[in-house]
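The structure appears right after this line, and notes come after that.
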4 protein chains.
Amino acid sequence: MQTNDKLVIGGKEFQSRFILGSGKYSLKLIEAAVKYAGAEIITLAVRRANTKEQENILDYIPEGVTLLPNTSGARNAQEAVRIARLARELGCGNFVKVEIMRDAKYLLPDNQETIKATEILAKEGFVVMPYMYPDLNVARDLVNAGAATVMPLASPIGSNKGLATREFIQILIDEIDVPIIVDAGIGKPSQACEAMEMGAAAIMANTALATAGDLPVMASAFRQAIEAGRQAYLAGIGRVLTRGASASDPLTGFLHD
Amino acid sequence: MQTNDKLVIGGKEFQSRFILGSGKYSLKLIEAAVKYAGAEIITLAVRRANTKEQENILDYIPEGVTLLPNTSGARNAQEAVRIARLARELGCGNFVKVEIMRDAKYLLPDNQETIKATEILAKEGFVVMPYMYPDLNVARDLVNAGAATVMPLASPIGSNKGLATREFIQILIDEIDVPIIVDAGIGKPSQACEAMEMGAAAIMANTALATAGDLPVMASAFRQAIEAGRQAYLAGIGRVLTRGASASDPLTGFLHD
Amino acid sequence: MQTNDKLVIGGKEFQSRFILGSGKYSLKLIEAAVKYAGAEIITLAVRRANTKEQENILDYIPEGVTLLPNTSGARNAQEAVRIARLARELGCGNFVKVEIMRDAKYLLPDNQETIKATEILAKEGFVVMPYMYPDLNVARDLVNAGAATVMPLASPIGSNKGLATREFIQILIDEIDVPIIVDAGIGKPSQACEAMEMGAAAIMANTALATAGDLPVMASAFRQAIEAGRQAYLAGIGRVLTRGASASDPLTGFLHD
Amino acid sequence: MQTNDKLVIGGKEFQSRFILGSGKYSLKLIEAAVKYAGAEIITLAVRRANTKEQENILDYIPEGVTLLPNTSGARNAQEAVRIARLARELGCGNFVKVEIMRDAKYLLPDNQETIKATEILAKEGFVVMPYMYPDLNVARDLVNAGAATVMPLASPIGSNKGLATREFIQILIDEIDVPIIVDAGIGKPSQACEAMEMGAAAIMANTALATAGDLPVMASAFRQAIEAGRQAYLAGIGRVLTRGASASDPLTGFLHD
């Protein structure tokens, strides 16, 4: 089905609702993400962008793809702001994913420092996409601080555990007016599909692709699942019965009735 | 992605893994199922096929689509066998979905009568696709009786409740050598996708489409979700962490580390 | 809380709703089940009851405890009937748990053979408690065949996986008039508690106790969890909100409101 | 089973692991909580404690029960601190539950303001028990600020939805060294039992009791379920099989084997 349904972030329009999360920038993963998953946004750890090794990696990014530098490695707002500015100086554009972690075991975002960095960077003209632990009060603060989207985690990054925060991501979708992009923890296409059915605006993934047996095929699966979930959301999902069954055929009933 | 992956039932090859379950045969539903969900098999309650009203319905079925008459209304093996034979006489072909229900509230299949009907019909040359309550011993009996596929329910028909029998459908997929087609109860594309990721061969649905807000869009969503789940299954899904997280980027770690 | 709430099977009254499933009859397990879990019914594999080794085991069973011989090892109705008769001859009483398995990997009960054995044994005056795969049609047949209770599995025996058949056990509880005793797969007290909250009449367990770190303490935990679930069922569980929250305190609201 | 297992908060020992959350202080609820649920700690909205109406309510609190004033109604740290001090002046002791909410629809705690209030009150000698949204970084900050316990919500308050934050409460239990008390959203004894099996130190509830059909019986059910969960945690829960089954009886196997 062709639709005019588009994802808009920072005034820019995207057809695709799959975003490649930061990770191993193998040529193979980037190719698969763009060619098979249809990614139009690719996340990149900025620390890699100013090394010789990284120059090659930037060469891999196809034209027309929006680069989303992230502040991976930052432990507080100040470090994140510094990384974001460096990214812009390096020519990575004005989109930035704020990612601030204090916790080395679960790699959970520091919501409070993320709010601070978002406020500073939004004022400097960045399109700020903050990675966050799904907390309604924090999401409101992020929007007030100028966030262009809110990016709650589904479960701990790299875990492939799926929608452990389902209930609270639904609350964000219901209450927050910027696009909700589910980031981290999505392990299977069906989970991406479910998040989209709930009303998420997009899905960010990396580990689910990187750990799959066949990368291009899994990339293609994610693209289709995300499109399916979006369509289902737009179509309107049918009611669920609490008890009993319902014959779909009005003629159902027994032969001799 | 183009693949040579095909669903084979009774020696016949199908590209599509979505089967339209029996239900209200509105022109709109059949059109949506074929055009947007890509259905190549459409179920039809036989009792409708010998009425004047039904002649019109048969006219709706596009060329190239395999008709799957079902024995809806049958309360025992004998009635099911009679309906199946009638269907063949009416020119509906030799595929038949055996559907025997005793229970009017939950419309759960009668496994034992289904085995009996399957045995008789398979001997008469039918391609028998039995609807069943997911029970490993029964699935084995059905295969021994000559079933071409086994069609376990996900949850009570028309309930849109999803994979309530998940654990036991997985056992069927792991242990039974004919295609496992998940039938009844699938309410959302994400559930169809998950069943396919588990290794189901196809999905049958009707109510999920019929109760959706926008039928063609939901039909399209199901097609994509089913293809996504199939691809994910073929690609091989990545490992799930029990505890902790895993940085997808080998460079992840803190700035001053 | 003291109540007059009793479990009645075959005209016999029980205070306890924990039944010790068949398993390793170590002195320790039997003691724990009776002393700490409050078991008044203990299952015993009949094949052990006519060996010298078993004579010791029968000695372990405290007075006042009802022995529930099972037909473990039977692969069809005929074998089960033979074992049940043997048990009665050996003085094990007229209670019998019919347990017929064809499948060595998942050890799932053969519903159809179980119906046959139940019918024969009920006519011979046994109090028949059939172990079954939770299927409403089969449960009805078992009751018609004279079953005193119906014993659906929660998940594969010994798996500790919990209520994988939740949806269908609820249907049995709602539709079947004899006590529904959840048997096999219950791995934790919270799962036993949930089954009781749903309206189950009793819980049978063995592996959950046998694999626990501290057997007597886990036995005690099961007893309390089962009593808790029963009380909650009798008390009536409160409504669940679909969305939003509800201040429990009518004074909740903000200071300056 | 008698054990020496005790809950210690602020140097004070408690036998009971059920805490009555704040709510409608009907005589009936307090009586049920103390008599049937065994509550030794009862939460009280401080705003009620300085009214005439409230004087009666304080009279209801039995001797030996620890009063836990909460800061319900506070929208920021400053207001919470003021309420806490008022409570101490009114003779409510030095325990305080910090509860700061900005959000009127979901009543979710404001983690950041809660950290601030905790720090101030802990320095003033209060035993601070902060209600919080389960976020590992915040829990660490609360402990560093001097919190005596951490009280994460299970799901939105009053919703009876259960352990929607299961995954993240487990992380708190695994990583945080003060008692984790699960507060808000627990709707059934089985859910309280599960939280205790996971290693929670105690459960706070109110709505689950207040909305039950029979208050004293439900109170008793909660007490038993919480004790059961605690015992199961201490005993050590058995392994769960990923696939297959496991005969509990070493003699299981077929008759003619």
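Including glycine, each Cβ sits where the backbone N, Cα and C put it.
Per TrEMBL, the 1-deoxy-D-xylulose 5-phosphate site holds C:Ala184, C:Gly185, C:Asn206, C:Thr207; the candidate it also names there, chosen from C:Gly158, C:Gly199, C:Gly229, is C:Gly158. With a threshold of 8 Å between Cβ atoms, the recorded positions C:Lys97, C:Gly158, C:Asn206, C:Thr207 that neighbour chain D are C:Gly158, C:Asn206, C:Thr207. According to its DSSP assignment, C:Gly158 (1-deoxy-D-xylulose 5-phosphate binding site) is coil. On the 0 to 100 pLDDT scale, the model's mean across the domain 'Thiazole synthase ThiG' (C:9-249) is 89. For the recorded site, C:Ala184 (1-deoxy-D-xylulose 5-phosphate binding site), the DSSP three-state label reads coil. Rounded to a whole number, the C-alpha distance linking C:Ala184 (1-deoxy-D-xylulose 5-phosphate binding site) with C:Lys97 (active site, schiff-base intermediate with DXP) is 13 angstrom. Here C:Lys97 (active site, schiff-base intermediate with DXP) is positioned 17 angstrom away from C:Gly185 (1-deoxy-D-xylulose 5-phosphate binding site), judged by their C-alpha atoms. When other Cβ atoms within 10 Å of the Cβ of C:Lys97 (active site, schiff-base intermediate with DXP) are tallied across all protein chains shown, the result is 30.
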